[in-house]
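Feature annotations, reproduced from Swiss-Prot:
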type: BINDING; residues: R189, G190, G191, K192, T307, S519, R580; note: CoA binding site
type: BINDING; residues: G383, E384, P385, D407, T408, W409, W410, Q411, T412, D496, R511, R522; note: ATP binding site
type: BINDING; residues: V533, H535, V538; note: Mg(2+) binding site
type: MOD_RES; residues: K605; note: N6-acetyllysine
Amino acid sequence: MTEEKASVRTYDPPEEFASRANVRDPGVYEEAARDYEGFWAERARKLHWFREWDEVLRWDPPEAQWFVGGKINASYNCLDYQVQQGRGDKRAIIWEGDEPGENRTLTYSELKAEVEKFANVLKGLGVRKGDAVSIYLPMIPELPIAMLACARIGAPHSVVFGAFSAQSLRDRINDCEAKVLVTADSGPRGGKRTPLKANADEALEDTPSIEKVVVVRRTGDEVNMVEGRDLWWHELMREAEPECPAEEMDSEDILYILYSSGSTGKPKGIVHTTGGYLTHVNTTTDWVFDLKEDDVYWCTADIGWVTGHSYIVYGPLSNGATALMFEGTPSYPANDRWWDIIERHGVTILYTAPTAIRAFMKQGPGPIEKHDLSSLRLLGSVGEPINPRAWEWYHEHVGGGRCPVVDTWWQTETGGIMISPLPGITRTKPGSATFPLPGIFAGIYDEEGNEIEGPGVGNLVIKRPWPGMLRTLYKDPERFRETYWQKYGDVYFSGDGARRDEDGYFWVTGRVDDVINVSGHRISTAEVESALVAHPAVAEAAVIGRYDEDTGQAIVAYVILEGGREGNDELAQELRQQVRKVIGAHARPQEIIFTPDLPKTRSGKIMRRILRSLSEGRDDLGDTTTLADPGVVESLKEQVAASR
């Protein structure tokens, strides 16, 4: 099916699905618009509060406080409250390891017991309310256990993605001044191992705030244990007291800090607080995924990213759902691993990224056809815009043509889903995230700050505060204002572009700033450039994202070498390794083009738009009148052609 045909076809919710859906009344949009504070207050009451709030929203742009005066605990809502409602013996987490046959299941009662013990471990290590804890773990149950233990005692957690380098870990620990680091000996993924403890040891050479390191024995690999600092998880848990009451947290107390790529290169510590965030992810998990008591829900993200925080841990568990966690990759040890997992565990809801879907398309439906996926009833997409052809393929081959597809738009900053179909109500168009959810007020603005009404293209904004919104950037309120609020005043600027069609559907077009989206991972161009320039052979580098049918975008680096040195394949490989070491494997450039010069304006600014056009093979380079040396473009065209 061509992109054009796919993008004009529409799909109504299947009748049987719609009749049982959690949200069946389209009037919910109007109800939320009429009294959106009342709407969110009603949703918040689905949670357990030790004390109800005095005020739903206090808004002093750009600072929002939700459920002011309310007392709540995220861990209590995800565990104790579920046990009280009779879910103690229900499976909370089904864990599937990297190697087939490695499985673990934790019921709500079992998860609660583990969390209470680890909360006491943290207290015993001197962690108090307000102290940050860094977590650098593979996708194992100890990761959500550590997060929920932090939430239980009021210690903000800062999870660092396991593929990040020692330097990235060090920078994040130092920024949040974590007191304790929780890591593992190593992390298996796709048959390979990441030396997490060795990376942590390197990072800890320069992290003055860290007092203790807790190490999970995941693989049994031999690791260096520093006496007096490093402690084994299993030994601490063996001695831990079994009961730890949940702290009564203010609604606006910090739940976690999660670092995201910024256009300046310095990672941004995005701060999410407790009451508003939990309300947002609890509601969106229930409504967007239409959760039922017997669902087995699988979000394939890593918990190191916000999708895992919101839609593996806090959203599903606060709804009493059964969530599946997978440590491995789609293709190890065979390319039908995911379909085998779905069949064996009876997965009913699958939430994954377009990158994975495009990889499966390349293999064809063969691996899927070996398995019975009839348990699936809903499919979701996250991380980047999904192209219509991938949407159609997902719907037809994975969902058997019967499962609604919810294409979701949101960000680390928004905390939870913002634009998405409601699967029992919304007529979907492949490639469109459809409409802002009830209680979310999205709009499209032009560069001058005028709102575009009706069909049009511009910058995607959110016009009113919402409960899951980031409250600030950790220790950097100025950057918070500058990044999200300076452009349009009281309106949140997302950094994404969008188009609205004649039916009011939103089509997200991707980043408009200097952040690249590779397989749903946001990577700062400035961060990659500074990693490249740190190599002694590199004089200057410019990094752009070009379209890639597998990963959405691919990283391309244009590199000027010192002293007229010639580039070669060996040096290109060395530079990729340099980026891997400084940032992580996910940020390695797919293509490195050596060039004697870069297209710059007379003021010295690199014109990345021209580099992007050249990389994508486009002849129309737009306005080039501001170039200091137009001849550079011709020479670059030759360099690009030679590199292909």
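Backbone N, Cα and C define each Cβ position, glycine as well.
This view paints the features noted in Swiss-Prot onto the structure.
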| residue | record | contacts (Cβ under 8 Å, 6+ apart) |
| --- | --- | --- |
| K192 | CoA binding site | none |
| T307 | CoA binding site | C299, A301, Y351, V382, G383, G520 |
| P385 | ATP binding site | P354, D407, W409, G431, A433, W507, V508, T509, G510, G552 |
| T408 | ATP binding site | V288, G380, S381, V382, I417, I419, S420, A433 |
| T412 | ATP binding site | L258, S260, I270, W305, V306, L470, R522 |
| R511 | ATP binding site | G495, D496, G497, N517, G545 |
| S519 | CoA binding site | A353, T355, G383, E384, T551, G552, H586 |
| V533 | Mg(2+) binding site | A539, E540, A541 |
| V538 | Mg(2+) binding site | L532, V559, I560, L561, E562, L575 |
| R580 | CoA binding site | S165, A587, R588 |
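Here the binding-site residues are G190, G191, G383, and the one ringed by the most other CB atoms within 10 angstroms is G383. There are 18 other Cβ atoms within 10 Å of the Cβ belonging to R189 (CoA binding site).
Listed in sequence order, the residues of the same chain lying 6 or more apart from W410 (ATP binding site) and placing their CB within less than 8 Å of its CB are V382, G416, I417, M418, I419. Of all Cβ atoms in the shown protein chains, 18 besides its own fall within 10 Å of the Cβ of H535 (Mg(2+) binding site). In three-state terms derived from DSSP, K192 (CoA binding site) belongs to an extended strand segment. For the ATP site listed in the record, the two most distant Cα atoms among G383, E384, P385, D407, T408, W409, W410, Q411, T412, D496, R511, R522 lie 18 Å apart.
A coil conformation is recorded for T408 (ATP binding site) in the three-state DSSP classification, outside any helix or strand.
A distance of 29 Å separates the Cα atom of R189 (CoA binding site) from that of H535 (Mg(2+) binding site). For the recorded site, S519 (CoA binding site), the DSSP three-state label reads coil. Here the C-alpha separation of G190 (CoA binding site) and H535 (Mg(2+) binding site) works out to 30 Å. Of the recorded residues, G191 (CoA binding site) and H535 (Mg(2+) binding site) place their C-alpha atoms 31 Å from one another.
Taking every pair among R189, G190, G191, K192, T307, S519, R580, the residues recorded as binding CoA, the greatest CA to CA distance is 24 Å. Taking the mean position of the Cβ atoms of V533, H535, V538 as the Mg(2+) site, the remaining same-chain residues with a Cβ inside 8 Å of that point are A531, L532, A534, P536, A537, A539, A541, V559, L575, Q578.
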